[in-house]
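Single-structure report; data block below.
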Amino acid sequence: MGIQGLLQFIKDASEPMHVKKYRGQTVAVDTYCWLHKGAFSCAEKLAKGEPTDQYVSYCMKFVDMLLSFGVKPILVFDGRNLPSKQEVEKSRRERRQANLQKGKQLLREGKITEARECFTRSVNITPSMAHDVIRAARTRGVDCVVAPYEADAQLAFLNKSDIAQAVITEDSDLLAFGCKKVILKMDKQGNGLEIEQCHLGRCKSLGNIFTEEKFRYMCILSGCDYLQSLYGIGLGKACKLLRMANNPDILKVIKKMGQYLKMDISVPEEYIEGFTKANNTFLYQLVFDPLRRKVVPLNPYPDHINPAALSYAGTNVGDEKGLQMALGNLDINTMQRIDDFNPDAPQTQPPKAPRSSSWNDRCDKTATTQASIWSQNYEPGCTKSQSPTSPKRPPPTRGKERIVSVQSLKLPQRESQVKRPREDTSLSVDDLLEQYTAGVKRHCPETQPTTKPLTNDNKVSKENHCGSTSGPFRPRNRFATLLQWRNRSEEGTEEQGTCSRFFCHDESNIAETQEDSKQDSSQSVESQEKHVSQSGGDTSSLCEEPEREQDKDEPSSPPASPSCSSRPASVGLGVFSWSGTTKELNKSVSHPARDSTERQRSSSTPSGLSTLQQFHRNKARISWAGPGLSLSSSPVEGSEDAGNSPGSPPSQDSAYFSQSSSISASVENSLVTEDNSDKEKERDSVVSNSPSSSPLDRLKPAVNRTKVSGLSRKGACGQGKGGKIETSAPARASGLRRKPSGKKNVNNENSPGLQATISGLWGAFSFKKDSPKLSATKKGEPMSPVGENVVMETTQADKEIFIIAE
């Protein structure tokens, strides 16, 4: 039964542990605790009298677990009933019998669950059940000891005599017997709680004044198997009493218990006598000494105590019977012989190998090879080995001399991990950078004036010439080399800054067009050289990239000046021009004289952005002084594109070329000078900032309409915000535009031209929700509703004006 609440009272002294801490050592086991747990699983069969050995298997699982960790167990069993516990044993026996009868009655009524619970409480461990476990343990070479009376005293004796280094039990009485180390609540994995006697000082409730003797007194006063406690006295009150009392005579302290605790308690003489018997039972209970093979008291008798007067602590039956009882050869109740085990006889059957508790466990053979406690040459404490946590120390070398040579000494060191050697070790840093960079151009010095088509041999020779020539030749990355030279060959035919991979077409179309127009444009090239050379340094810089492109595409042509190109000047103006369509390019090439005439007309224009102004169409302003003079407004589509893109050649169908040069001159002279200067500045800013117009807009015949002075021109809302993109026609919903019936124009986005931005395209082709309101009082320059992207309803007066003008 133990002492109620003792483990919780001294929990500060307990600590978790694992049984492998005692590897190579010996532990004593209270086997009846395992038997009771194992019998709970087969309580119904035991109550019915059916044969079963489940309790044996349960106990052997713990034995195998201890052996697997290298711990040698000694199984200790209870012997005869102690005279001091006759009352306790009698009450327990009556309680078990009552539960058994109740369980049988519930089983007859069909209440199986309630009956099983009653059978569990009625479990009684018989000597025959203990003997079955002893036989199974002997097959594994495990020593077993049957105590003369109680197993608690026998366990304490084995621990005190250093035969067992620890005790495994579920009973807290072991601490009162004076055990040094007790393992409680151990599971099948070997985990449990360990309480050491030297750690009891950690408990704040006990304090430092407690000794082993006072601890035993406290356990007896709080109630134990040998004496029931007084009413209202537990561990707390008993501990308080012993801390307050300074008298070494415990009997006098017990008599004055009410005064110390300030309680109305009367201590009878029977209680004081029972306290004395209980204390002597804890001290002088009979046990069996396996080394001397004698029955001895737990502690030696003092001189003032008569052993015959301690019959309540056990009766000595003699050393011979005590040995046979300890070996398990005699029945403890009838004292009849049930077995003939002789530890001195040689074992004919080797012990069975213990079972491992897991896949990774290896059974330690040191536990089974240790000498038995029944052998003649057994010495207590010889099986105690060093703790596994403490490393094995080498023998001391003090006073010893030895010559040590360090010549062949190889110190342990971390080997540096060497990466696998690269196959392409002859590559230089520049070659590696060139292979993994996309925008870097490397031009090798050309020794020949003309370039030959690249072949495999030429590629290898050029690679050896440009790359690193030092070191032996090793295989290189063929794929990187081929891609590198392919990129170099393509650099001569296309410009990286203006090439669009989304809108570009095959370069073969442009190359064929240029080859067909070489002979026709030879004369125009000479006139263009003279004209462009006068334009200044800005124009030469703009034409520098087309010159490189011409040198690579036409190696057989004679070297040209840095500012010339095989294309018309309007096409080769770098990022400030739009090449237009292939159809328009053919027109400009087929009429070189007309292009040269237009260029000579603006030869006196300053350099820079003003040079590009010569390609800009000035919008004509009508002077109403002459009644017969009138100019056409902007065309429905394409006129604004032609005016905003200086690089595009003028179309023959546009309204701009439908007027004679004399009429244009007279109209321009009649314009207001202030408005003309302001508008010219605005056009210059638009020309320099606006992107190239879309080449997909098809040019339609111009509709000649006269501009009315009554219509006010929409103010520029984005003058301070950079370039404004003006559209050539009102914005229309996607998919509603009528597709042209003629041949689709060829997109020539690969030619150098200013790239359009997404924000500009959104501003140009998106719907405008609120159309600007026209003020009747504000007068301004007339505008075209189509050209300014303003949708207006034509009133009746406007229609009449248009009719009169026509």
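We number each residue from 1, going along the chain as drawn.
Even glycines carry a Cβ here, placed using N, Cα and C.
According to Swiss-Prot, the feature Mg(2+) 1 binding site maps to Asp30, Asp78, Glu150, Asp152, an assignment based on similarity to another entry. Look at Swiss-Prot and you will find Asp171, Asp173, Asp225 tagged as Mg(2+) 2 binding site, backed by similarity to another entry. The annotation compositional bias 'Polar residues' is assigned in Swiss-Prot to 355-378, 447-458, 533-542, 578-589, 602-615, 744-754. The compositional bias 'Basic and acidic residues' annotation in Swiss-Prot covers 412-425, 592-601, 676-685. Feature annotation from Swiss-Prot assigns compositional bias 'Low complexity' to 651-670, 686-696. Per Swiss-Prot, region 'N-domain' is recorded for 1-99. What Swiss-Prot records for 138-229 is region 'I-domain'. The region 'Disordered' annotation in Swiss-Prot covers 337-426, 443-475, 512-754.
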Between Asp171 (Mg(2+) 2 binding site) and Asp152 (Mg(2+) 1 binding site), find the distance joining the two CA atoms and give it rounded to the nearest Å. 8
So if I measure Cβ to Cβ from Glu150 (Mg(2+) 1 binding site) and keep only same-chain residues at least 6 apart in sequence, which ones fall under 8 Å? Asp78, Gly79, Leu82, Lys85, Gln285
To the nearest whole angstrom, what is the C-alpha distance linking Asp225 (Mg(2+) 2 binding site) and Asp30 (Mg(2+) 1 binding site)? 17
By DSSP assignment, list the helix, strand and coil residue numbers for the region 'I-domain' (138-229), in that order. 33 helix, 18 strand, 41 coil
What is the interatomic distance between the Cα atoms of Asp152 (Mg(2+) 1 binding site) and Asp173 (Mg(2+) 2 binding site), given in whole Å? 7
If H, G and I count as helix, E and B as strand, and all else as coil, what does DSSP give for Asp30 (Mg(2+) 1 binding site)? strand
If you skip the near sequence neighbours and keep only those at least six away, which residues in the chain come within under 8 angstroms of Asp30 (Mg(2+) 1 binding site), Cβ to Cβ? Val76, Ala151, Asp152, Leu155, Val167, Ile168, Thr169, Glu170, Asp171, Leu174
Near-site residues: Mg(2+) 1, ref Asp30, Asp78, Glu150, Asp152, CB cutoff 8 A to centroid: Tyr32, Val76, Ala147, Ala151, Ala153, Gln154, Leu155, Asp171
CB neighbours within 10 A of Asp173 (Mg(2+) 2 binding site), counting all protein chains shown, number 24
For Asp152 (Mg(2+) 1 binding site), list the number of other Cβ atoms lying within 10 Å of its Cβ atom. 29
